[in-house]
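Working notes, beginning with the structure itself.
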């Protein structure tokens, strides 16, 4: 079998420069100061409460259940949500926020119940994690950034924060600290731009807006295709 | 599938389209719905024209400096442990992809929707080495099961099919036993494809936009299939048209925001996924190996020409959803995986005028396409430019037009011959007239009257010159 030795880059890029009628540019190109920047006008000047209101409103449009709770009541609300979704099996991120938000007890209680399966993402278990996630009923994650305009939770992958948790189970629950809510994708993009400058963008950044869906059959919206069939956001007043 | 979807000639395809009542109804409904949603979703963005201006300046700047940004992309992909390959032709791209797949001894490939892999006939290339390539986008999967029926729309590929046809395909090919309810059928697809996702050794995706500053690629989807294809298989191959790149995440935001609205009327799709290299150390899921294939396949010859703005395209299909010609003839009539106004502009550029001479004429030049384009491609002007190029440089105007123009040149060369012509035309056309309309005209007129009725030529009083003289005298 032949092995490709070169990536053909120079020939390819020279051809582009040639078509553009100039020498190849390998340095000295900076983004111009853009003449138009409408994206920062959206929800400009809104406080966290107003952004929260926008987020909840948008959830309705994207077939997502939104619950808002105070920090002390979060365990009860989460328990309620787990019951509503039919319980049985849960897979969680390994994320210190579960502890910070005092959620360990309810998971302990859950896993003690007979017939229930509870798993916390564990990188030492390799692919076993994905098998468990695949048969899980509920996957639970925390939102790293939350976009009010589009009802989006932004999940940054990491060792303990597997991509599968928000993808393979039948339902997805995202816990949203209110402080993570920003107006729209632009603010999250700026943050990612800063991370990119430092060279530490995570291997997978997911912007998730509700459950999976498709309109490929006669343009009828079907909620739930390959990703989760249901999505629930629990927004917690953390500060 | 290649760009060209069949060998039938343009008029045969159009005839089929025009006579397919279900398709025409489906297209009309789809256009209304998608464009309605698009309009609703842009109204909440504030000054839409400012957004279009911004998107345009981003696309223009990126194309002007494309070699720089692609080089930056390559460096960053490699820095993160990915491999990048630049393919000038479809063959080079397929050769590289086949090599990667064979080196993994992979037989099962799961794909998410990608126009550029269609363009280069990648599936056929992989099938030729014994691979099973499964399309996982619901629309694409339906078409694949239905013996590779060509797509008729770039966002909703199975738009021309009704639910009963889809149910039959599922029954014939996969023994589906339930009803034609879209929810039941989507659930069936979920169950069927889940197995494929779990078994696949290689996942292949397209790329909505690459991000030069971090070597990332992005996927804008709703079904979750692209996430599956990039989470489970050990090897990921992403194929991108070379122009689908932005400088930084900040520009990605703007273009993704406009793509989601213009394509499906959503603020964001259910999933926008940014992937950088293979999985990080310690990550459990995600690919161990990541390959990015950047494809030229005719694009570089568009750069630096008066058609360069066509490369601004972000494949949202907003132009298709408002086109009155597409509405009547449907996607298959264009004979290409790229239908509608953008297809009529792009196909002659990626291919040549010989092959695609009819498409620039498959337009009323109403400019609805130009008005909705989120990146401000002057589509109808580019269609006029194609027509001009064909006539001036290539002498490839359609035969009937040439004949008509020759006749006109002769007639118009002398006022007396011209006047005689316009006076005798009504009597010549008289026998073809039916209640004041010509419905089945002779010769060159036939092409017109096959599609619509021509008003009967009036005898004298409404002729333009007569009307004009009359108007000068105070008539109307």
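Cβ coordinates come from backbone N, Cα and C, glycine included.
The [4Fe-4S] cluster 1 binding site feature in TrEMBL is assigned to B:313, B:316, B:319, B:373. DSSP classifies residue B:316 ([4Fe-4S] cluster 1 binding site) as coil under the three-state reduction. The number of other CB atoms found within 10 A of the CB of residue B:316 ([4Fe-4S] cluster 1 binding site), across every protein chain shown, is 26.
Taken from TrEMBL, the feature [4Fe-4S] cluster 2 binding site applies to B:323, B:366, B:369. For the recorded site, residue B:369 ([4Fe-4S] cluster 2 binding site), the DSSP three-state label reads helix.
The average pLDDT for the domain 'LUD' (B:70-295) in the predicted structure is 96. Among the features that TrEMBL reports, domain 'LUD' is placed at B:70-295.
Residues annotated as domain '4Fe-4S ferredoxin-type' in TrEMBL: B:310-377.
Sequence annotations record features per position, and here TrEMBL assigns domain 'Lactate utilization protein B C-terminal' to B:386-472.
Ranked by CA distance from residue B:313 ([4Fe-4S] cluster 1 binding site), the binding-site residues B:323, B:366, B:369 have B:369 at the top as the closest. Apart from B:313, B:316, B:319, B:373, the residues listed for [4Fe-4S] cluster 1, the same chain places the Cβ atoms of B:262, B:314, B:315, B:317, B:318, B:341, B:342, B:369, B:372, B:374, B:375, B:377, B:379 within 8 Å of the centroid of those Cβ atoms. Residue B:316 ([4Fe-4S] cluster 1 binding site) sits 12 Å from residue B:369 ([4Fe-4S] cluster 2 binding site), taking the C-alpha atoms as the reference points.
Excluding B:323, B:366, B:369, which define the [4Fe-4S] cluster 2 site, the same chain contributes B:319, B:322, B:324, B:325, B:326, B:341, B:363, B:364, B:367, B:368, B:370, B:379, B:380 within 8 Å (Cβ to the Cβ centroid), listed in sequence order. Counted with DSSP, the domain '4Fe-4S ferredoxin-type' (B:310-377) comes out as 41 helix, 1 strand, 26 coil. Between the CA atoms of residue B:373 ([4Fe-4S] cluster 1 binding site) and residue B:366 ([4Fe-4S] cluster 2 binding site) there is a gap of 14 Å.
Each of the binding-site residues B:319, B:323, B:366, B:369, B:373 was scored by other CB atoms within 10 A of its CB, and the lowest score goes to B:366.
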